[in-house]
Amino acid sequence: MRSTKVIHIVGCHAEGEVGDVIVGGVAPPPGETVWEQSRFIANDETLRNFVLNEPRGGVFRHVNLLVPPKDPRAQMGFIIMEPADTPPMSGSNSICVSTVLLDSGIIAMQEPVTHMVLEAPGGIIEVEAECRNGKAERISVRNVPSFADRLDAPLDVTGLGTIMVDTAYGGDSFVIVDAAQIGMKIEPGQARELAEIGVKITKAANEQLGFRHPERDWRHISFCQITEPVTREGDVLTGVNTVAIRPAKLDRSPTGTGCSARMAVLHAKGQMKAGERFIGKSVLGTEFHCRLDKVLELGGKPAISPIISGRAWVTGTSQLMLDPSDPFPHGYRLSDTWPRDE
């Protein structure tokens with residue numbers, strides 16, 4: 001088979017959300033930091049288009065690129081590529097990356113527990129993997145510092161009127177709204193409507209509320225997180241949530257960065273304190289087990305250090321190739337499966 005490039009990929013999903021991992025065939029992008037490298041990937045778009053667009057990818061797919069770490073504390077770095085964004089951090093993708101690193105032997109597995117330090121674009125993350133019989137069975141990640149930004153802010157959304165929302169950062173930026181406010185329930189049969197309304201809310205939040213990270217060059221709201229009320233049993237809170245990802249799809253997992261942002265909001269509202277746990281449930285019913293580990297400051301703002309825990313499974317291996325006569329070297333997107341990102 002002739003090809004001008006060959007990219008080696010290990011397929012993976014974390015609690016339902018695809019997070020494939022490039023393990024070979026791509027040189028590290030330019031940049032002095034992993035953050036700068038991720039900005040190159042985002043602005044250049046060549047790799048993003050090749051692996052995410054049809055016919056090699058699809059709107060459902062996230063892909064992670066392994067890179068040598070820049071921080072001496074880390075064993076590996078990774079850059080996350082989502083359908084419309086190249087984010088600072090992702091819970092489900094970090095769980096996929098950790099699982100692939102251990103299950104494939106790229107990093108030596110130690111049973112029953114392997115400790116790793118990885119470098120995401122958003123910063124260093126500590127990983128604890130519960131391992132048995134050559135399989136990383138559960139991954140726990142200390143996420144980057146997370147914080148609430150705006151609480152109970154009014155937001156005008158076409159077709160919905162004025163709704164009350166929170167905004168927060170949990171490794172990525174979110175506008176958070178209760179499902180009852182928009183007349184929805186979080187269930188598979190409403191996935192299309194949830195995704196479309198969520199993207200509309202995200203657009204309105206960027207126009208009316210905005211967001212600015214105190215330390216990173218991250219100046220927009222990426223996602224809408226739609227939630228149902230939390231319940232409490234002792235020191236454990238449980239809540240269903242789903243995240244609308246541009247151009248308009250739902251995260252199949254409970255969204256680790258979303259759970260972190262939600263815990264930051266719960267803490268800011270006095271509804272959760274350090275040491276308490278949160279179980280986030282996805283639209284599929286899968287779970288991330290989270291903990292508000294400690295309270296800290298980030299750039300003068302109150303913040304939390306969250307830990308997120310979930311499972312991932314390798315789904316296969318593949319090689320992406322490009323024949324020199326292929327008319328679609330950058331792929332393509334059609335609005336039947338790639339919703340219009342307006």
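Every residue gets a Cβ built from N, Cα and C, even glycine.
Fair warning: this is a prediction, and the values are worked out from it, not measured in the lab.
Features of the protein shown, as given by Swiss-Prot:
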type	residues	note
ACT_SITE	S90	active site, proton acceptor
BINDING	G91, S92, D251, G256, T257	substrate binding site
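Feature map: Swiss-Prot annotations on the structure.
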residue	record	contacts (Cβ under 8 Å, 6+ apart)
S90	active site, proton acceptor	G19, H62, I80, E82, A120, G171, D172, G256, T257
G91	substrate binding site	A14, V141, N143, G171, S253, T255, G256, T257, G258, C259, S260, F288, I308, G310
S92	substrate binding site	A14, E15, E17, G19, H62, D251, S253, T255, G256, G310, A312
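Cβ neighbour count for D251 (substrate binding site) (all protein chains, 10 Å cutoff from its Cβ): 28. The DSSP secondary structure for D251 (substrate binding site) is coil. The Cβ of G256 (substrate binding site) has 33 neighbouring Cβ atoms from other residues within 10 Å, across all protein chains displayed. Excluding G91, S92, D251, G256, T257 themselves, the residues of that chain whose CB lies within 8 A of the CB mean position for the substrate site are, in sequence, A14, E17, S90, N93, S94, I95, G171, V243, S253, P254, T255, G258, C259, F288, I308. Mapped onto three states, the DSSP output places S90 (active site, proton acceptor) in coil.
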